[in-house]
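Chemist: Got a structure here, written out as structure tokens. Questions coming.
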Amino acid sequence: MNGKLGAVLALLLVSAALSQGRTLVKMGNELRCQCISTHSKFIHPKSIQDVKLTPSGPHCKNVEIIATLKDGREVCLDPTAPWVQLIVKALMAKAQLNSDAPL
């Protein structure tokens, strides 16, 4: 099961690499949305190095999911895209497993 989940996550991450979503240049610690557009086309998980999830809040009304690709580009992912939702679900499950692990 973990192998399949990893493969799906990797597949999703690579698809993020091909994304057309862009992030705003981060200027200090400004309280505003970081994504000016989002990408919904699939990115293969092998192309994704990291994924950052920012919940909505006073800084931005949108949930923002920013994937850092292996080439260093940052891509804003569409949180409503089914493949992006799978990535988020996998990350949350992994975080839950890590938090349940004994010290």
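In case you wondered, yes, glycine gets a Cβ from its N, Cα and C as well.
What Swiss-Prot records for this protein is below:
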| type | residues | note |
| --- | --- | --- |
| DISULFID | C33-C60 | disulfide bond |
| DISULFID | C35-C76 | disulfide bond |
| SIGNAL | 1-16 | signal peptide |
Chemist: Could you check the disulfide-bonded residues C33, C60, C76 and say which one's CB has the most other CB atoms within 10 Å?
Modeler: C76
Chemist: Could you state the whole-number distance in Å separating the C-alpha atoms of C33 (disulfide bond) and C76 (disulfide bond)?
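Modeler: With distance taken Cα to Cα, C76 (disulfide bond) is 11 Å from C33 (disulfide bond).
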Chemist: What does the structure give for the C-alpha distance between C60 (disulfide bond) and C35 (disulfide bond)? Integer Å is fine.
Modeler: 10
Chemist: Ten-angstrom check, please: count other Cβ atoms within 10 Å of the Cβ of C35 (disulfide bond), all chains counted.
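Modeler: Result for C35 (disulfide bond): 23 neighbouring Cβ atoms inside 10 Å.
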